[in-house]
Amino acid sequence: MDHIDAHSAVSTSSSSSKYDTPDDNISEQRLLCDAKEEYPLNDYLFDGINQESAQRSLLLCRQTFETSFGFALQSYVFKRTSSNSYERITYVDYVSADSPADRCGITRGDMVIAVNEKSVVTASHAEIVESIAQCLQVSLVLVFKDVARIVELSMRSIQLRFMLDAKIRELRMLEKTEEDLQALYDDEHGNEEEDESLESTLYELDEELKNVQNPQEKEANGTDYRHLIRINSSTSVGTPQVTRL
């Protein structure tokens, strides 16, 4: 096991409150620490993860409250379509280079399972942040599932669904216009110029319908739909909670 800076990670034998000071004389501490228990995972978000092998325990350490652990947490709430229920997840969204978090091996996408040996799977974003921020030494139990990528794909899925809905509405409008023009063409027996004009219009509509039926994946009118799935630590739509620690 690699050895690291004493102020980056130490063993999980103890955790400190805001009134404690890390031991500056500690040497050759281990990066990974033995978890004292396995914490239950959320079935919806943790499918495919081997619970026992995936969980890893780290102990982060800083000298003062003015210094940073070097990572940022972000919380989302995902909606389970099968049961129409909401499930929260808090994960590491950013890790500063050469920070205590970086030297400990914390990775963007790590999910926070427990803080100081207390499960936080159902805790709010504010509760998790408070439990970490009040410590000079904090033990974390993490599971990696690249949540950042999952969120990006979820955003893209939302965007594509809105684009598809917009194209379907456009298609229906064009089909209705085509039907009206076709009816007008069938009923009227005007001069050849009018007939040619109608035929030209119908041809243009056919071309538009082909384009609608094969839409390219691009942003609809420059609209950004990401906010639709960025929700806070409760269950309502709003601004995502991001906190640097």
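Cβ from N, Cα, C; glycine included.
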Listed as phosphoserine by Swiss-Prot, one of Ser8, Ser68, Ser200, Ser233: Ser233
The domain 'PDZ' (57-132): DSSP-derived helix, strand, coil residue counts: 13 helix, 34 strand, 29 coil
